[in-house]
Structures are given as C-alpha cells and as structure tokens.
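Visitor: Dropping a structure here in structure tokens format, bear with me for questions.
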Amino acid sequence: MASTALSSAIVGTSFIRRSPAPISLRSLPSANTQSLFGLKSGTARGGRVTAMATYKVKFITPEGELEVECDDDVYVLDAAEEAGIDLPYSCRAGSCSSCAGKVVSGSVDQSDQSFLDDEQIGEGFVLTCAAYPTSDVTIETHKEEDIV
C-alpha cells in the first residue's frame, strides 16, 4: 500500500520550469558591484560612484627606474611601498620635504599637502606621500636637497 501512495504522489507532481529571478544591482553588496564594474564610492568624493582609474607611475631613483600601477585614490608613495620600492619619507602627511620628488612628465593631485608653496609646485616638485596620480606620471625621487 505504501508503494501505491508513493507512485500516485510522483504521478501527481508537475514539473514547471522556473526562470531565474532577475538580479538587481541594489541586491548585490557594494563590494561586488565595485569589483564587477570597476566602480568605487566613498565619502571623500561626496559618496558618488565614479569610475576607477589606474595609472602607471615611473620612479627615477638613484638605483634606477622602477614602475608601478597606482589607482587614482592611492598616494604614489603607498603604491611604491606596496610594490617593494623603498623611497624616503618622514611625516606621511605632506607637511615636510623628506619624500620630495620632481614630476618629469604627467600630473598629480597633491592638494592634501601643506609644505610646498605655489612656486615649488610650479617648478614640478611633489610630495609623494600626499600625491595622487591624475595621469601616467614620471617622478624623479630623492629631491629634498633641491627644494630651496
């Protein structure tokens, strides 16, 4: 009798093909959307979502030329350290000249620094601890002695 009940239950079951539920971007964790689409958001830029840019930063050091990739929201000194490049620094706050370099080509945003004056910035000096790349950039390092 048990076999009869089981066979009637199997016969009475209908198989309906279900379509997958649509996925909303809002249902994904923000980390997922960032990695999927190369997007980032943050309070530093008003909470807006912006496209992430990565630039090539070439360092001309006394030991030779070294190149790293650096996101536009990472200080060039931090990117160098992550790549194992040893560059000079002290305060890491843009308020001294230990990490000074000189931009040979390209551009950086160093609005976080408070040490260099407009004339020094105009001459191409940069504090690597407080500079974000805004394009591919080449920087001569170890320039603290050249700042007058």
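The backbone N, Cα and C atoms fix where each Cβ goes, glycine too.
Reproduced below are the annotations present in Swiss-Prot:
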- 1-52: transit peptide (TRANSIT)
- 55-145: domain '2Fe-2S ferredoxin-type' (DOMAIN)
- C91, C96, C99, C129: [2Fe-2S] cluster binding site (BINDING)
Visitor: Can you give me the residues near the recorded [2Fe-2S] cluster site, meaning same chain, not C91, C96, C99, C129 themselves, Cβ no more than 8 Å from the center of the site's Cβ atoms?
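Guide: My list of surrounding residues reads Y89, S90, R92, A93, G94, S95, S97, S98, F115, L127, T128, A130.
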Visitor: Would you mind giving the whole-number mean pLDDT across the domain '2Fe-2S ferredoxin-type' (55-145)?
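Guide: Across the domain '2Fe-2S ferredoxin-type' (55-145), the average pLDDT comes out at 96.
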Visitor: Using DSSP and collapsing to three states, where does C129 ([2Fe-2S] cluster binding site) fall: helix, strand or coil?
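Guide: In three-state terms, C129 ([2Fe-2S] cluster binding site) counts as helix.
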Visitor: Using all protein chains shown, find which of the binding-site residues C91, C96, C129 scores highest when you count other CB atoms within 10 A of its CB.
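Guide: When each Cβ's neighbours within 10 Å are tallied, C129 leads.
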Visitor: To see if you understand the setup: which same-chain residues, six or more apart in sequence, place their Cβ under 8 Å from that of C99 ([2Fe-2S] cluster binding site)?
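Guide: In sequence order, L77, L87, P88, Y89, S90, R92, L127, T128, C129, E144 meet the Cβ cut-off.
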Visitor: Is it possible to list how many residues within the domain '2Fe-2S ferredoxin-type' (55-145) are helical, extended or coil according to DSSP?
Guide: 17 helix, 32 strand, 42 coil
